[in-house]
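What TrEMBL says about this protein:
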REPEAT    9-50  repeat 'WD'
REPEAT    51-82  repeat 'WD'
REPEAT    93-134  repeat 'WD'
REPEAT    135-176  repeat 'WD'
REPEAT    177-218  repeat 'WD'
REPEAT    225-259  repeat 'WD'
REPEAT    260-292  repeat 'WD'
COILED    355-389  coiled coil
């Protein structure tokens, strides 16, 4: 079955900039250029809440992992933490000196990372609502910053055409990926934490390995990519582009699966739900749409279990052919293959990785043993030499 449009939310009075699901999928938050954040109920006939407080466009929103808080960043230079209920109370964080473009909670919900046009990335404690430190090596606006799943790394993307990887503890920049192609609008970590994906103004999506710092996959589209989101299984990636489409990429096969048409005008933001069965998108048409993923559950049900061991996204360079658009609401570019293939492939990759690892370990052990043997021989020779010398000395004395 193809992905299908499930719900349609209208209520914003300007372009939608950001969308995010709560943990239980009962709520969806969206931010807009109309200076409001809205919380939509996924249950039918339930009212939406409009949260007013920011003095200018809301650029980004995100639910905390538990779903008890929502963070928002705005052009009014502030970050707000909201309680997503009828009262809509919020606290304000002030430390940035320009538009805040991105907010992201660490997976334990304890920290918040924000990115701003003041060229800095800032980290805050959520419960004490305190500013902790700044990362300030970018030399232009920072559009996006994200924690790695384990919270040890931070990735940031800037208009200085670099994507930087930071160590949260030492606060050092450990690598810069230089984007010759242009600006990166959005960046995020793969659920395994081993790679990052970057959405480019040069119409590309690039997937980089953060352990080897090398390019794994390269998808060429035909419009600026504004946003992306990894499926929780790590097997798929959804993107939102200026040509009004959402695209679903199959990372294992390295190809485009679906192109979805729904928005009138640029699709600005997109996000999978925490379970991966839904994704939401927002556009400059002021609309928020919720889509049913409809992937074969075999594609990712079991994978979520095996994913814990951190499989690697198999990487070769892939280019997407430009497509003929036949004004259909939903265009399918999938060759029907049984969902088991993904699972088998993943297990094979897993197994190959494990075997390679074991072989490498054995190799190390063999080398270690042979070195030890050499040392032992050397020691024995030395000992023999010493004994012979001592005997000579004793004989000399006696004679």
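Every residue gets a Cβ built from N, Cα and C, even glycine.
Only residues 6 or more beyond the boundaries of the repeat 'WD' (9-50), in the same chain, are considered here, and those with a CB under 8 A from a CB of the stretch are 56-63, 65-67, 70, 72, 74, 82, 84, 86, 88, 268-275, 277-278, 280-290. According to DSSP, the repeat 'WD' (9-50) comprises 0 helix, 22 strand, 20 coil. Residues of the repeat 'WD' (93-134) grouped by DSSP class, helix first, strand second and coil last, total 0 helix, 24 strand, 18 coil.
Residues of the repeat 'WD' (225-259) grouped by DSSP class, helix first, strand second and coil last, total 0 helix, 23 strand, 12 coil.
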